[in-house]
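Engineer: Here's the feature list from Swiss-Prot:
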type	residues	note
TOPO_DOM	1-22	topological domain 'Extracellular'
CARBOHYD	ASN3	N-linked glycosylation site
TRANSMEM	23-43	transmembrane segment
TRANSMEM	44-64	transmembrane segment
TOPO_DOM	65-97	topological domain 'Extracellular'
DISULFID	CYS95-CYS187	disulfide bond
TRANSMEM	98-118	transmembrane segment
TOPO_DOM	119-139	topological domain 'Cytoplasmic'
TRANSMEM	140-160	transmembrane segment
TOPO_DOM	161-194	topological domain 'Extracellular'
TRANSMEM	195-215	transmembrane segment
TOPO_DOM	216-234	topological domain 'Cytoplasmic'
TRANSMEM	235-255	transmembrane segment
TOPO_DOM	256-269	topological domain 'Extracellular'
TRANSMEM	270-290	transmembrane segment
TOPO_DOM	291-325	topological domain 'Cytoplasmic'
Amino acid sequence: MRNITEATFFVLKGLTDNNELQIILFLLFLAIYIFTLIGNVGLIILVVGDSQLHNPMYCFLSVLSSVDACYSTDITPNMLVGFMSKSKIISFYGCATQMFLAVTFGTTECFLLAAMAYDRYVAIHDPLLYAVSMSPRVYIPLIIASYAGGIVHAIIHTVATFSLSFCRSNEVKHIFCDIPPLLAISCSETYVNELLLFFFVSFIELVTILIVLVSYAFILLSILKMNSSEGRRKVFSTCGAHLTAVSIYYGTILFMYVRPSSNYSLEHDMIVSTFYTIGIPMLNPIIYSLRNKDVKEAMKRVLRKKINIKHRIKKLNDFSVFLMP
């Protein structure tokens, strides 16, 4: 990476300078972060621990949960420290690392959501051949390709952004080191960077949304051919959750990055950015759990196992007390 900038660190201004409001926001985002970790890690443990969820659909879901947990962890802890500290400094390379990880996880999630839509199409269109069509030789490369695409996309923007000069200011009016607010404080010509951002985000969004739309068009045709109302209900329960997640995530990404720079508003975009980087990772486990019968049944099985284990331990303790002289 070619560092020609005069800045050796950046100051993340965050959401507010009001001390009382910062305490409230600290508690709010701490609760959101804890809930995000519990929800996503819990979903991963559930998928790994329940044999009935050992299929490609839930493998994708567990990977999505890991991406969401990492995405939130890349941004939230640093923001929490900023709320409680007078110094909101992040080093030059710390800022570059944060941007690289944020773009990696954000892009990976886009590709994963598209892969999950294709997986749903295969499962519903030809359920008898699902195990063959979506074998580990198919879905594991899809997961690897999603991560690879995210990493390549992140490298392009990280190198392009941090090759700029930041002699104008080192104050970033944002909650983390995102591309648009950094371009806003650069004293270099940013036309190429803006073009790269628009082109790559537009291309990735267009390709992944097209995959989702085509997959769900075929899914809809399959639903119309179904005679069983129970089968339709199950399809809607699994696909409804995914469609909700796709709509929320892709909608916010398009709003943030695919538009003219003249419409860029730091304050407004900071709120939207906070939602898709911190809010969505918290919402995804809720969306996929509440709308998915298999996940809810797996939760019940886990709870029953825990209750049975506790009951057996109690019986053993009672028996040992009985045997004691």
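Cβ coordinates come from backbone N, Cα and C, glycine included.
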Engineer: What else in the chain is close to the transmembrane segment (98-118), if you only count residues 6 or more beyond its ends and a Cβ gap under 8 Å?
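Structural biologist: Same-chain contacts beyond the flanks: 57, 60-61, 63-64, 67-68, 70-71, 74-75, 78, 90, 139, 142-143, 145-147, 149-151, 153-155, 157-158, 161-162, 176-179, 182, 204-205, 207-209, 211-212, 215-216, 242, 245-246, 249-250, 253, 276-277.
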Engineer: Check the topological domain 'Extracellular' (161-194) for me and report the mean pLDDT.
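Structural biologist: So the average pLDDT across the topological domain 'Extracellular' (161-194) works out to 90.
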Engineer: Which one is it: of the disulfide-bonded residues CYS95, CYS187, which Cβ has the fewest other Cβ atoms within 10 Å in this structure?
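Structural biologist: Sparsest of the disulfide-bonded residues CYS95, CYS187 by Cβ contacts within 10 Å: CYS187.
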Engineer: When the topological domain 'Extracellular' (65-97) is classified with DSSP, how many of its residues are helical, how many are strand and how many are coil?
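Structural biologist: Taking each residue of the topological domain 'Extracellular' (65-97) in turn, the totals are 26 helix, 3 strand, 4 coil.
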Engineer: Determine how many residues of the topological domain 'Extracellular' (161-194) DSSP places in helix, in strand and in coil.
Structural biologist: 11 helix, 2 strand, 21 coil
Engineer: Could you tell me what the rest of the chain brings near the topological domain 'Cytoplasmic' (216-234), counting residues at least six beyond its ends with Cβ under 8 Å?
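Structural biologist: The answer is 117, 120-121, 124-125, 243, 293.
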Engineer: When you scan the chain for residues with a C-beta under 8 Å from the topological domain 'Cytoplasmic' (119-139), skipping those not six or more beyond its ends, what do you find?
Structural biologist: 55-57, 59-60, 215-216, 218-219, 222-223, 235, 238-239, 242
Engineer: What is the number of residues in the topological domain 'Cytoplasmic' (216-234) that are helix, strand and coil, as DSSP sees it?
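Structural biologist: DSSP composition of the topological domain 'Cytoplasmic' (216-234): 16 helix, 0 strand, 3 coil.
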Engineer: Quickly jot the same-chain residues contacting the topological domain 'Extracellular' (65-97) by Cβ under 8 Å, restricted to those at least six beyond its ends, or write none.
Structural biologist: 1, 3, 5, 7-14, 22-23, 25-26, 29-30, 32-33, 36-37, 39-41, 43-44, 47, 105-106, 108-109, 112, 158, 161-162, 172, 175-177, 182, 277-278, 280-282, 284-285
